[in-house]
Amino acid sequence: IFEYDLKKIIALSTLSQLGMMMFSISLGLYELAFFHLLTHALFKALLFLCAGILIHGAGNTQDIRSFGGLSLNFPLVTVCMNLANLSLCGVPFLAGFYSKDLIVELACQYSWGIFVLLMMFICLSLTVLYSVRLTYLSFVGPYGGGASISVCESDYSLVGPVVILSFTSLVSGPILSWLNFPAPVLIFLPVFLKWGALFF
């Protein structure tokens, strides 16, 4: 939460997603852990590629305090990186939602104690917190004084893979869900738990 190195923030966010996978394995949901591994690989690759373009375009600096207002210079990368961040947070109908929401709902359906569920929801909210912080400091916040050039977005060898991975971050969730789980999963939850995953 207090890290300012762009690559470290993205790398450390992988640990929280590995925590979700281990949590899923501890519930005995091995297929779901593998499903989350696949979707996570796609939007995390997109995050790292967008970060590389930002670092290259911002004068090879990784400190997000020297970014700020990059959405004006990097509009396409801003959209793609925010798409990956929203997928990381589990926003509905993006790749991360299909795997993460299923893990959370099945964990709520099991008869675990309130402490385990509370820790899971706190971890979900912390993922959203550092993702929003990264987006704000990099794209929305005040200009940090670093150099920025938008010539990177005219290089198709850089932008092409980003656009392709953005598309996979949109469609891989339902496609992989249909491939991995041909039979629908029926989950019965109280309303407050059903909305809890989306709220956090």
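Cβ coordinates are placed from backbone N, Cα and C, and glycine is handled just like the others.
Going by TrEMBL, these are the annotated features:
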- 2-121: domain 'NADH:quinone oxidoreductase/Mrp antiporter transmembrane' (DOMAIN)
- 130-199: domain 'NADH dehydrogenase subunit 5 C-terminal' (DOMAIN)
- 9-27: transmembrane segment (TRANSMEM)
- 33-55: transmembrane segment (TRANSMEM)
- 76-98: transmembrane segment (TRANSMEM)
- 110-136: transmembrane segment (TRANSMEM)
- 181-199: transmembrane segment (TRANSMEM)
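The domain 'NADH dehydrogenase subunit 5 C-terminal' (130-199): residue composition by secondary structure is 49 helix, 0 strand, 21 coil, according to DSSP. When Cβ-Cβ distances below 8 Å are used as the criterion, the transmembrane segment (110-136) is approached by residues 1, 3, 6, 9, 13, 16, 19-20, 23, 27, 64, 81-82, 85-86, 88-90, 100, 104, 196-197, 200 of the same chain, each at least six residues removed from its ends.
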